[in-house]
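As recorded in TrEMBL:
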type     : residues : note
DOMAIN   : 20-67    : domain 'Amino acid transporter transmembrane'
DOMAIN   : 135-467  : domain 'Amino acid transporter transmembrane'
TRANSMEM : 12-33    : transmembrane segment
TRANSMEM : 39-72    : transmembrane segment
TRANSMEM : 141-160  : transmembrane segment
TRANSMEM : 210-229  : transmembrane segment
TRANSMEM : 241-258  : transmembrane segment
TRANSMEM : 278-296  : transmembrane segment
TRANSMEM : 308-329  : transmembrane segment
TRANSMEM : 349-378  : transmembrane segment
TRANSMEM : 471-493  : transmembrane segment
């Protein structure tokens, strides 16, 4: 799915995996969190952030459990196929229970008869050695309706991702370039409110500049949707390095301003009207479930993977809290920008021009490298959804239609609105809710049923979630569906007041 980390087979240590997960979760979505914190109030925001972090950790363990069950089922099917082939060939050369397979040192129970594995309770059959993506797990454990609903959810989420990316880059370019011209040089983060109809350069309005940048962004990066692209190792290193320099700089600059007594923020404790967007932003900012197969599979030793994931979530929670609290106390609520980096393009905050432009343009570089990856992922999900066994697509459908339906909708959304907080909030509250809560809960439930059916009640999945009681699955499902109702009702009530 979106944002694969490594190719299958490139192993790394558990601690490297911990770093990769940290980098995967802490993405561009975190830049919209300070504004959401200020809108909802610091106490409500902290409580909701901690609770949603806990919920995300729980569903992450559900996905890891389902990955182990899927690996076990794939091994079982191969063993059954091998037994059938041996019978067809009437071969006298058998393989004993003690034989050990594998050139890579992983699959140690591949050739054992399934009943032997079951009797001995061998945990090796549940070893996570093959990357089984969420779409494949859905095909293994869900019925046809469930599979279609899964693809519908992941496609909507990826569309939201692309719309956010397509809006964030032109917004950053507009804010930075319009601020260095005219009479409002380097005033982006000083609390001055600009309308879309205000002038940018001469007769060009700000909204016109935004749409020109959007057109350029689409023309430059859109064609990648029609081809195959891969994120290289060096691109990952570069974008990760830029991300951490930017985040650390923002935290340090905010702390310096607070320590000098220049802080202007007076955040409220609670504002219920801001919970809707905060919920979506938090869900979006903890999103990693769709990329877990690419992340977990290459880890060399997975014995304590759940503990490492827990440590990651604790660190991420602390980081988000630090970033958001320094922001809401450093800046007034009405001056916090949708894209937090833009608050540091004001000359009064930082007088070093290079740092101002680096932070202001930071989303441009990082998002531009991710946009083609997400676009190709979405295109491939469309192809998989409509694929029929043994069928092929005509050239026009394969090379033109699928890329076009991938690229056009998010660009149209970005053309109509550049409200990043709303885009992130809606994407996280709806599609993100499904991917982060509902799908992992259903995967855990269905994979447990299938495991008992195939291997018997005595077999225990070595990667069984710590939240193994059915109560937790029911709790996640109730929570997920309740969130749909709450967010929808909140939107309807907000619109009716208008």
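Using N, Cα and C of the backbone, Cβ positions are placed for all residues, glycine too.
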| task | For the transmembrane segment (471-493) and the transmembrane segment (210-229), decide whether they are in contact, meaning at least 3 CB pairs lie under 8 A, counting pairs 6 or more apart in sequence. | result | no
| task | With pairs restricted to those 6 or more apart in sequence, evaluate whether the transmembrane segment (12-33) and the transmembrane segment (278-296) have 3+ C-beta pairs under 8 Å. | result | yes
| said: Using a threshold of three or more Cβ pairs below 8 Å, and leaving out pairs closer than 6 in sequence, do the transmembrane segment (141-160) and the transmembrane segment (349-378) count as in contact? | reply: yes
| remark: The DSSP breakdown of the domain 'Amino acid transporter transmembrane' (20-67) into helix, strand and coil residues is 45 helix, 0 strand, 3 coil
